[in-house]
Every structure is written in C-alpha cells, then in structure tokens.
Amino acid sequence: MAKFVFVTGGVVSGLGKGITASSLGNLLKASGLKVFMQKFDPYLNVDPGTMSPYQHGEVFVTDDGGETDLDLGHYERFIDEKLTKMSSTSAGKIYLETINAERRGDWGGQTIQVVPHITDSIKNKVYQAAKSSGADVIISEIGGTVGDIESQPFIEAIRQIRMEQGKENVVFIHVALLLYLNASKEYKTKPIQMSVKELLSLGIQPDIIVQRTDKHSSKEIKEKISLFCNIPTTNVIDAIDKESIYEVPLEMYEQNLHGLVLDQLQIKTKITDMESWIKFCEKIKASKEEFEVTFVGKYIELQDAYLSVIESLKIAGYEFKRKLKINWIQADKLNESNYKEVLQNAKGILVPGGFGDRGIEGMILASKFARENSIPYLGICLGMQIATISMARDWLNLPEANSTEFDNSGAVLIFDFIRGIDVQNLGGTLRLGAFYKTTIKEGTKAEKLYGSREVFERHRHRYEFNNEYKKPLEEKGLVFSGIYEEKKLVEMIELPNHPFFVGSQYHPEFTSRPNKPNPLFKGFVEAIIMKTK
Ligand code: GLN
C-alpha cells in the first residue's frame, strides 16, 4: 500500500516548493524506499507543451513522451527515477477529461460539479500514480499558492485523501515564506500564520511547515510558529538559501525532515544513506575554477527556458571540478558582420533546442564559427539541425539550404516534416519521448562517449533530416553517427576532424543526473576544458 505526501505552498510563489519536494524524495529514496513524484498545476492550459517558454520556462520531456512542467526535471535529478505522464497534471487537463466524459455521456446526465467530479478526478490521478508506479511513497506537489481560486479543488481533493487514508498514510507539508523586515531587522511569522489559517479554513492542518528563510531561524521563531500553527517545534524546518540547490537535501537531512515523514507514515527503514549525495556535493564545493560556454539561444532573457541544459552543463562540470560560466548570446543579434568578433573568444559553443525562425541565421553563423575554428560545439535538436544546414550551404554549394520550419519557399529542404512516420497519428506531429532506438555507428565519438552502440534518448521535435542529402554530406566529411534504423531517421551527427563537434536530434539534457552527466555533455565539457588547459 502506497503512502502519500502532499506539498503545498503559502504566502508567495517561487519559494522552492519543488526543491523541497524533490529533497524529501531524495531522502526517502536514500532510506531505501521506492519514490514516485507528481506535480499538479492549477492553470487551465491542458499541458505545458504549448505554453510559451517566456512564461513557463522549459518543457521537460519524460521517457513516455509527456510534455511536462520543468519541476519534473528537478524531481528526476533529485530522485534519479524516470517519471511518466502520470507525474504531470494541470487543472486544464482535469477539466478537459471531465467535460469530455460528460459529453460522452459517462455520467448519464448527472449534474457535473467541482465537488465531487473534479475532485474525484484529481484523487484518481494520485491513486493511479500510486498504482502504476508501485512506489512506496507518492510525493505530490500542488502548484500555486494556498488561497488561489484555481488551486482550491486540489486542496479539497487532498483533504479527502487524508480522510480516506488516515494520518498514518498521508503527510501534509506546507512551504511558506518567513518574512524578513530589513528596516527593523526582524523576522515576521505572521504571513506563515495567515497562510496556515487559510489552509485550515480549507480543512487542512499541516503536519510539517518548511519555512523559507535566508538563515536558520531562532528557537523563539519556531516556538511562535508552533504555537500559532498547531505543530511541534520539531516539525518546523528551515529551508535556508544555499549556494547550490543540490545541497538542500543534506540541509533537510540535518533537520530530520525524512525522520518526521517516516515516523508519521509508520515506515521503518534502516539507515538513510546519503553517501553518494555527499560525494556529489563535495564535488560542487571543490569546483572553484570556471569553464565557459557560449550559449547561443533564442530565449536567453529567461534562462528557465533552458533549465535542464544548464543543470546538465553544471553536473558535467562538477565531474571535472569546474564551475559553469555562461556567456549568453541572443541568436538574432548575431549577423555576418559581427559574428567573428562576438565569438572570437568562445571556448565552447552550444546551440540548444528551439522552435520558430527567429535567430536561426545567427545560430547558423555560430555553428559555422565553431566548425571552422575547432571550437567545441554541442548542437541540441535545433542546434543539430542548423549545424547540418550550415554544412549543406557551405560544402554542397547550396546557399538556399534550409528547413521547412524556417523557409519552405526554396527547393533545398535539408530538414522536413517527419518522413515515414504517420503524421496523422502524432497528435501535434511532434516526435516525442524515448521510444526510438538510436543505433550508433562503430568507431565514432558517439560510441566512445556512450560506451555503447544503442541508446534511447528523449525527443521533442517535428522536422527530420532529409536523407536525400545524406550521401553528399558524408562525402564531404560529415559523419551520421546515430540513426533510428527502423525509420532511417538521423539522430546524431559529428565531425571526425574536429576536437568536438556533435549534434543530436534528441535532447540529451533530460537524462543528466547528479554524478551521472549525460555522455554528450560530459564529452562537450571535457573538450572545452582540454582546449583551455
Ligand atoms: N524546431 C525544430 C523541430 O521541430 C527543433 C525542435 C527542438 O529543438 N526541440 O524539429
């Protein structure tokens, strides 16, 4: 029988609720439990797949092709488990499914209401996650802030789950802000009290309060929260600012967050073994010297749009005891007349994934510069596509070479709609998830990096390399190092006579984990370090 932990947020958003939930997941996993995590988002969009990266940050992709909230990336990196579509649900999805069921006549003309129909549907998502994952503990984060109109059905649903399952099977954790008044130099517990009051009015007494603060709080503060919020002082945990988010599990461990949860859930475990996590944090602390990546992207004003790429670079850097420094370049600011000057000191160039035509020509120039000047280059999805287009333009004397996505007026479409895949049945026509086996060519850098001839990585793209141009490009020296043989789709490219020039049609950033960077990132970072030694 699975047990449940629900994490809510109070006072303001952006308190690191996801990191708290992930840290608890990390501790429970280190205690030998099987953990599954899920996020409920109160917005009405059906999924994050079509939401603007400017507003919502990265779309994290799961193995089973779920387009999810970026918090799932934290979850996976902290608990080192593959999550699924079951891990991400928005209010929009719940309402859509419920209304579709009503339209189908599933309820035989009953009146459909938020309680019980929407709340039942939310509860089902929690119970289904428990069933399909077979986990010992399901940690569910409720997005938004308690008191929001949108999140009320979720709060009501978890209240009912506690009633159904009992206190020994359900823990409520509330993450809220401990306010600091700079003028009077004092901490104020009132916002936390108010948000707990709000929770209580919805029928939920939190079991543990995690207060976000800049430093450890005094005994008096904890006593005050204990008194007003009706929990023992031991159940008030400080979430203090850390230099790295990866230090948070150890901080929570010190304060016995796992012990509180395990006790209440009456789970007996042996020890909570933090050894490998401690080692990882030691690597972070030892990473003083920097390595620099020139990041040529479209959404650089909002770095959350590249969260997993950035974390993958950091994680890879720690393996070499190096700290990441990013030189951000807005792709559409690069042009023929300035690119050489702007990029002249680049140590390594990365072009990440993206959609639409803005900045494409700038990215093409960046990949060309890396190619022609022996600068390590990693092209992810779009970054692989534009690198290939650039080679076709330069080497095959096809100046109009392009992808249908950016310009379909010319005849030279190096990337085009998915060929050989049933476009009709792909929903939004994206190739999603880790369903496609990449066969790696023998003797390539890719083989060396992966140490394997077969890999499954996660995809999220629409356009594929047009095999008409494969032979001509091979003759000029491009190596197609990874192929999805079943449909003959290009998955990876590389240049042999270059320190590191690698592109992948898939997204390697979704599978980097602490102590286990994705091989492409590790290879890229190593090449940068070698070059700057
Ligand atoms: N826009 C490109 C495509 O759809 C690349 C997508 C991506 O980089 N994720 O194929």
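These residue numbers are counts, starting from 1, taken along the chain as shown.
Cβ atoms here come from the backbone N, Cα and C positions, even for glycine.
Curation plays no part in TrEMBL annotations; they are all automatic predictions.
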Check: Which of Asp69, Asp71, Asp80 shares the ATP site with Gly14, Leu15, Gly16, Lys17, Gly18, Ile19 per TrEMBL?
Finding: Asp71
Next item on the list: From the candidates Glu336, Glu405, Glu442, Glu447, give the one listed by TrEMBL for the same L-glutamine site as Tyr54, Gly354, Leu382, Gly383, Met384, Gln385, Arg462.
Entry: Glu405
Check: Need a hand: TrEMBL gives Ser13, Asp148, Ile149, Glu150, Lys188, Thr189, Lys190, Pro191, Ile192, Gln193 for CTP, which of Lys222, Lys224, Lys242 is also on that list?
Finding: Lys224
Next item on the list: Consider only the recorded positions Asp71, Glu141, Cys381: which of them have a Cβ under 6 Å from an atom of ligand 1? Write none if no residue does.
Entry: Cys381
Next item on the list: Count the Cβ atoms, other than its own, that fall within 10 Å of the Cβ of Glu509 (active site), considering every protein chain shown.
Entry: 31
Check: If we check Cα distances from Lys190 (CTP binding site), which of the recorded positions Gly14, Leu15, Gly16, Ile19, Glu509 wins as closest?
Finding: Leu15
Next item on the list: Sort out for me which one of Leu15, Ile19, Ile192, Cys381 has the most neighbouring CB atoms within 10 A, since those are the recorded positions we care about.
Entry: Ile192
Next item on the list: Mind checking which of Gly14, Gly18 has the fewest other CB atoms within 10 A of its CB? They're the binding-site residues.
Entry: Gly14
Next item on the list: Going by Cα-Cα distance, pick out whichever of the recorded positions Gly16, His507, Glu509 is nearest to Ile149 (CTP binding site).
Entry: Gly16
Check: Just the number: how many Å between the Cα atoms of Ser13 (CTP binding site) and Ile19 (ATP binding site)?
Finding: 13
